[in-house]
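**Q** Could you have a look at this structure, given as structure tokens, before my questions?
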Amino acid sequence: MAPLVLIFSIFLLSFSSSISSQKVHPLDPLTPSEFTLVQTIVQKAYYGSKLNLTFQYVGLEEPEKATVLQWQSKPHSVKPPRRALVHARSNLQTLEIVVDLSTRSIVSKQVHVGQGFPMFTEEEQAAASELPFSYGPFIESIKKRNLNISQVVCTTLSVGWFGEVTPKTSEIKVQCFYTNGTANYYLRSVEGITLTVDLDDKKIVQYRDRIRVPVPKAEGTDFRLSKQKPPFGPRLKGTGVVPPNGDPGFKVDGHVISWANWAFHLGFDVRVGPVISLASIYDIEKHKYRRVLYRAYISELFVPYMDPTEEMYFKTYFDCGEFGFGQSAVSLEPLTDCPANAVFFDAYYAGQDGSPVKTTNAICVFEQHAGNIMWRHTETGLPKEVREVRQDVSLVVRMVSTVGNYDYILDWEFKPSGSIKAGVGLTGVLATKAVPYTHIDQINRDVYGAFLAENTVATHHDHFLNYYLDLDVDGQDNSFVRTDLVTRRASGNNTPRKSYWDIVRETAKTESDAKIKVGLRPSEYTVINPNKKTKVGNDISYRLMPGSVASPLLTSDDYPQIRAAFTNYNVWVTPYNKSEKWAGGKFVGRSRGDDNLEIWTLRNRKIENKDIVLWYTIGFHHVPCQEEYPVMPTLSGGFELRPANFFESNPVLKVIPAKHVSWPNCTTHH
């Protein structure tokens, strides 16, 4: 194991030094010094606000797309502006500010007058979680339950919107748990207590203690290995990938990563997490890189729980827009979250006071040798059998975001064949509530979930992840094509067949043409470049290979569904608009659904042969089961973007097979 640790350390050092030595790319995330500069400029401008200004979101204000592409083709011909977008709170107002870092000035500022609130900060969530412990009614409620208040912990939950008059203040719910005897406190809720905190006044504004239910037992809930008792499960044997000479297999130049036939820019944002930009693949026949993706990231994650009771109805989370996937990113564990050949790098975001906050090892990148087959064929019809096999290798970008009880493993996988696979793994701890029952036979009413252990119900819920995919298939102007597979009757006397299937293609002309519920009929979905053809005349394109398809089951007039209207269809296509970044809208907290993907598409803009964006939503309906208790084995899903007539032929036909490395001090046994 010692050699693996040594190689891992080298990767860290070489990666860190490469970042600091390179020039700034126009899509690079903000640096710690830039966060500090933004903090200084904004605080100076708003000094008269009695210093109660808080930074809720600070991220890169993207340059115009045309400017970035011009810079990429001729780096010295243009200097894109370096700017930051700031969402702040001050004096009960939400501020939108754009800071120019080059001129050290504010170039745009306005007060948000619409609905919704910006992301929660970690600091205000922590402060809200502490308020119950100095609140008399809560202390009394804990005493009545005969619980030790020193063993109680509290967490925060978004409040949502349920038809109330336009709220003036940002609020958050607080729920409390009992840790005594376990680190897995999410399975030991102190049921019946509901608190609401005004984040602007930092006060508890609503309190209710409605019911008392026994706190579930701590026994059997802890997930730490050190707390487990015999009998133990199988002992798994370890293996590792050790590249020759400590070479991770790819090059890192600032935030640009080059591997095999791929090159792309890797960014980070406090709201959405990892951002893939300018993904291009080298075509050995054309002797050049050809762009596939301009920008891609998870724009929103909607998690509605299916319990309408007083303590649960509001649990309808927007994890990106309310809590921030990037803000919730956790440090990755070497050799377990990522393999020994991974390169790690840190991420930075602005804290509530604007100061830079560092998440160590927030993202890892690694070559994946999973034992998969890239392609193969055995030809047995020849006098001498011919067999050709190519081992598959891919490059993975990974981040893990822990939003409360759930851990989301976010992967972007690049394959030499030209495919890009987006993957998400759901693990962590189920959201549960305490109930008075110790056996399922005792239940005589709807508990809105699965009974998993004594006094414990895990609530039914959904996960909907919306991906922003600005595809530039060999150029900016693209079209979206739906190809339906249609059954035909075989006619004539020259065949005994009765039927076959054929295809019917339809190019979407406007946004309404491209709203699709996947799975209702057999179809394929492609983004084509109508201005370029292959040598034999096919449209150059990339195909969306759907996965993890789910449609919302809430009624269209239910308030959470109004806010999450982007889940009404799996596929949407819009003309590129730099301001349309997040499917749930700019300010999601307590939003009313009047600024989201559905509203934007009501304009029914033209999308044929335009610079277009594909928005794709994958989903999971989750009915919990006992195998997911006390911690959940990873449930995986995702989708693939796959070349379809993008190349003239198989792009990995001539791939040079990987050399097999002989391990030192090892022998092969027959």
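Backbone N, Cα and C atoms are what each Cβ position is placed from, and that goes for glycine too.
Relevant sequence annotations retrieved from TrEMBL are reproduced here:
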type	residues	note
ACT_SITE	Asp319	active site, proton acceptor
ACT_SITE	Tyr406	active site, schiff-base intermediate with substrate
DOMAIN	25-110	domain 'Copper amine oxidase N2-terminal'
DOMAIN	118-215	domain 'Copper amine oxidase N3-terminal'
DOMAIN	241-653	domain 'Copper amine oxidase catalytic'
SIGNAL	1-21	signal peptide
**Q** Within the domain 'Copper amine oxidase N2-terminal' (25-110), how many residues are helix, strand or coil going by DSSP?
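**A** Across the domain 'Copper amine oxidase N2-terminal' (25-110), DSSP assigns the residues as follows: 26 helix, 30 strand, 30 coil.
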**Q** Mind checking how the domain 'Copper amine oxidase N3-terminal' (118-215) divides into helix, strand and coil residues in DSSP?
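**A** Going through the domain 'Copper amine oxidase N3-terminal' (118-215) residue by residue, I get 28 helix, 28 strand, 42 coil.
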**Q** What whole-number Å value do you get for the CA-CA distance of the residue listed as 'active site, proton acceptor' and the residue listed as 'active site, schiff-base intermediate with substrate'?
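**A** Cα-Cα, rounded: 10 Å.
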**Q** Express the predicted model's confidence over the domain 'Copper amine oxidase N3-terminal' (118-215) as a mean pLDDT, rounded to an integer.
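**A** PLDDT averaged over the stretch: 96.
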**Q** Specify the count of other C-beta atoms within 10 Å of the C-beta of the residue listed as 'active site, proton acceptor'.
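**A** Excluding its own Cβ, the residue listed as 'active site, proton acceptor' sees 25 Cβ atoms within 10 Å.
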**Q** Hey, what's the Cβ neighbour count for Tyr406 (active site, schiff-base intermediate with substrate) at 10 Å?
**A** 22
